[in-house]
Amino acid sequence: MNRRTLFTSVAAATLAATAAFAQTDGEPVKAGFIYVGPIGDGGWTYEHNKARLAVEEEFGDAVETVYQESVPEGADAERAITQMALSGADIIFTTSFGYMDPTIAVAEKFPDVKFEHATGYKRADNVSTYSARFYEGRAIQGHIAGSMTETNKIGYIASFPIPEVIRGINSAYLHAKKVNPDVEFSVVWAYTWFDPAKEADAARALIENGNDVILQHTDSTAPQAAAQEAGNVITFGQASDMAEYAPMPRVSSIIDDWAPYYIDRVKAVMDGTWESTDTWDGIGPGMVGIGEITDAVPAEVKEEALALKESIASGDYHPFTGPINRQDGSVWLAEGETASDGDLLGMDFYVEGLTGEIPN
Amino acid sequence: MDLGSINPILLVASIMVSATPILLAAIGEMVVEKSGVLNLGVEGMMITGAVVGFAVAVNTGSPVLGFAAAALASAVLSLSFGVLTQVFLSNQVATGLGLTLVGLGLSALIGKPYEGMKSPTLPKLDIPLLGDLPVLGRMLFSHDIMVYLSLALVAAVWAFLKFTRAGLILRAVGESHDAAHALGYKVVRIRLMAIFFGGACAGLGGAYLSLVRVPQWTEGMTAGAGWIALAIVVFASWRAGRVLIGAYLFGGVTVLQLNLQAAGARVPVELLSTSPYLITILVLVLISARGIHGAPACLGRPFHASS
Amino acid sequence: MIRLEKRPQPSQLWTVLTPVLAVLLTMLVGGIMFAFLGTDPLEAIRTIFWDPLFNPQFAGFTRPQLLVKAGPLILIAIGLSIGFRAGIWNIGAEGQYIMGAICGAGAGLAFYPADSVLIFPLMILCGALGGFAWAMIPALLKVRFGTNEILVSLMLVYVAENLLASVASNLLRNPEGMGFPGSRNFKQWPAAHNAELISGTGMHWGVAFAFIAVILAYVLMSRHIQGFNIRLTGEAPRAARFAGVNPARIVILCLGISGALAGMAGLFEVTGPAGQISIDFNSGYGFTAIIVAFLGRLHPVGILLAGLLMALTYIGGELAQLMLGVPGAAIQLFQGMLLFFLLATDVFTNFRLSLGRKEPA
């Protein structure tokens, strides 16, 4: 342990010197991005990269960006982040949950570099975390889905049984149920974030089982294509707009819009006002975008959906407002009570009415 | 749970579509292995086929041309493996792994401009009479042409190996290259042709993924399908008919698993996804325990005329 | 016409010359590719091959990292090469690597949060046993039924991957991990942490074991009777049988050694650089090690060098992505090329080109 601390301080001193040098020299701020997938995945990484380009657009010559794509979430991540810090990056965004421990470890060695870790929960003086309240968007999807389903069966392609995904299922279900008490959800766990062939199969399986709305929490557009082929099925874009499937089957979408946050954080580094924060933003601040609701959605449903979006954005309405019971019938939220962030972050149960069990 | 909501007709139809890419790749690899060559680069060839097929279909508007180009591109790529292993006598396992690396890298570079695009896809055939049959019509006779082509290919490979002289020679080369050489057959040339054929089949399988089954191009989209094709050949103990069963079994397990989940059944996903591999090992043990070694005797062994 | 003639003995000169030739050819063709992609080829090649070693900004960090990256590759490849010499093709090292990691980590986590010096050695032992046991499946099936070990070991990789996905999200999941899959982080548990032995050098126990394995393999293969038996089995199986070598014992020995080494490599990786069992902590080391074994010509010293070269292309490739914006795919292609050229030029070690008419065979 002592030896490691020694190394830490040496590395830190070296870097402190480099960083100080960079800034006094009036050089551009260097922002680095670590991506978990290829930038062309059309979903998660694609949106992070789009936000990187937005940062470049915003600051022009005052900023320099670097990125590394397809960095595995294991031993290689720590090295990739360290190399980025060594290359003189002033702020580094690590854009996947699996980079949490590596980010914290590297941040210890580079106290003068700012780190921003997406979707994690560990912070330090120079490590912020940020994530988006996707469940707010799920509420709107649930509303449209519940209103539009004719078979009263809604399919949900889920990735892994983690709180983030479970929150989305619960939120969509509660709001579908609100407009359509007969609605049923079928959840298929694909155990992947990105496998186009498997996602297409999952979508087909759901469609063949009578689901006429497909929600997805995986990143490829394959389910959209499967729905288009089937005809009378509606879908929602995930992570990115997936507008190429509008107006049918894609009737709306949840867009991860990281650009405002990234611009804000890079600006803070430029101004010297950066502080470690924990950001969990939703529709209001623009981190969660709702893609255009197409004409395939009946006008009054569209209006209700937009009103819902408005009330969530303004903070008048919280998608998890009681009374809500857990699946086993026990009370989770009393009448009028809203869910705490802590409850939401660790959510590991279905709400009442959902069938099936969460695999674990 | 409501298993009744699974429609067996649609389930079979889905399995056929989902199994076609691995069936195409596996039948090609089987011919390669029958000639005594183990090409572990199926994944690399498939993904090259996927990207080339997609790119050509987008640019020409013709999925058929896309398939043709995919077959050609992957076959040419497989020749790099062929030349290295047959002419330069490099180790087949290492070269095959290298081919996978090359294919994955190359495809990603070629595919950059095509991300997020849509391509023309193959129409479903509307077979008169057969297509109107009550159950079988939807189950078996309303697919696109490639599904039938893949089945025809299996039949053709079976007939070729069983009934033709060329097929006999191919098998002889795989069983004993020295004997075949002594009889005056061009071992290297025959193996190169087999490798070329295997590449073309893998290319078709990849293109089926990007043009029909998904259909789109994304980097790394084969996601291990090539490795499954290799397992199928083993499962099939190098027989064409069993390759068909194997492909439908491997493809079927995934589709069935997803369908069971969609119907609300609680399924042990990991156990189910593991089962085809365990069955394959069991099959291997059974055939070897009976003393009939399914594998071609010269599988993976280098051949040099002077040795 | 040009034809190949087998050399009576592998050429010493070409053994040294071919890797150099292959690297030069890769630089040439790779350079053309980089130029095509709009990157300065000289800069790209310098970044890949030179910067990880000598760039003042990075080398202090990347030089030790070469060891971290090469360690598991060398450790696994040494084990594989012994089997390959005997004609026993274990291509399922990836599975043994995963199982070693699972067993070793599981054994350690059972004692969490105890603080004893015995925990880490116990984990190493269990890691080796896990890999060994996984390799015994193809070994015993081969001995008992004559089942092809290439195929069984490959199938078992998929089984191991599914098991990994299962334990990462169930059995070994960190109870304090907010419901996310993945085990506890061993870096935060000193008793089980595979830390650097000397700070800043990249030397952790796995790298040390890799070096020891190189030396032991060298002694085994060139000085020990079992090494002779192994080579004899590979080169002349019938002669080996006449000489009284028990083929079953060789199969068990070779697969056992390679499984145990791969298992240990997995354990060192999860307790060190990777830090935890997660769904995809395995970065394909088991497969890359096969390439390393062949690049090293199945010779311990060759494998040591090949492992370091492979690590260099990985880390140099990362730097090229970072500094020059080269796409990751181009690096993959570059590595594939290097491998192809090495395999292609290798022919000159064992064969001689001869010009002239073909003699009747």
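From the backbone N, Cα and C atoms, a Cβ is placed for every residue, glycine too.
TrEMBL: automatically predicted annotations, no manual curation.
Predicted, not measured: the structure shown is a model, and the values here were computed from it.
Annotation comment: TrEMBL describes C:12-37 (among others) as transmembrane segment.
Sequence annotations record features per position, and here TrEMBL assigns transmembrane segment to C:66-84 (among others).
Residues 72, 76, 90, 119-120, 122-135, 157, 160-161, 163-164, 167, 171-172, 183-184, 186, 189, 192, 258-260, 262-267, 269-271, 277, 281-282, 285-286 of the same chain lie 6 or more positions beyond the ends of the transmembrane segment (C:96-112) yet place their CB under 8 Å from a CB of it. Among the features that TrEMBL reports, transmembrane segment is placed at C:96-112 (among others).
Taken from TrEMBL, the feature transmembrane segment covers C:118-141 (among others). If one looks beyond the transmembrane segment (C:118-141) by at least 6 residues along the same chain, the residues whose Cβ comes under 8 Å of a Cβ in the stretch are 90, 92, 95-97, 99-108, 111, 147, 149, 152-153, 156, 160, 191-194, 205, 251-252, 255-256, 258-264, 266-268, 271.
For C:150-172 (among others), the entry in TrEMBL reads transmembrane segment.
According to TrEMBL, the feature transmembrane segment maps to C:203-221 (among others).
Look at TrEMBL and you will find C:250-268 (among others) tagged as transmembrane segment.
Per TrEMBL, the feature transmembrane segment maps to C:329-348 (among others). Within the chain carrying the transmembrane segment (C:329-348), a Cβ under 8 angstroms from the stretch's Cβ atoms is held by residues 4, 11, 14, 17-19, 21-23, 25-26, 29-30, 33-34, 37, 48, 291, 294-295, 297, 310, 313-314, 317-318, 320-321, all 6 or more beyond its ends.
Simply put, out of C:12-37, C:66-84, C:150-172, C:203-221, C:66-84 has the most Cβ pairs sitting under 8 Å from the transmembrane segment (C:250-268).
Same-chain neighbours of the transmembrane segment (C:12-37): 44-45, 49, 295, 297, 305, 309, 326-327, 330, 333-334, 337-338, 341-342, 344-346, 348-349, counting only residues six or more beyond its ends whose CB sits under 8 Å from a CB of the stretch.
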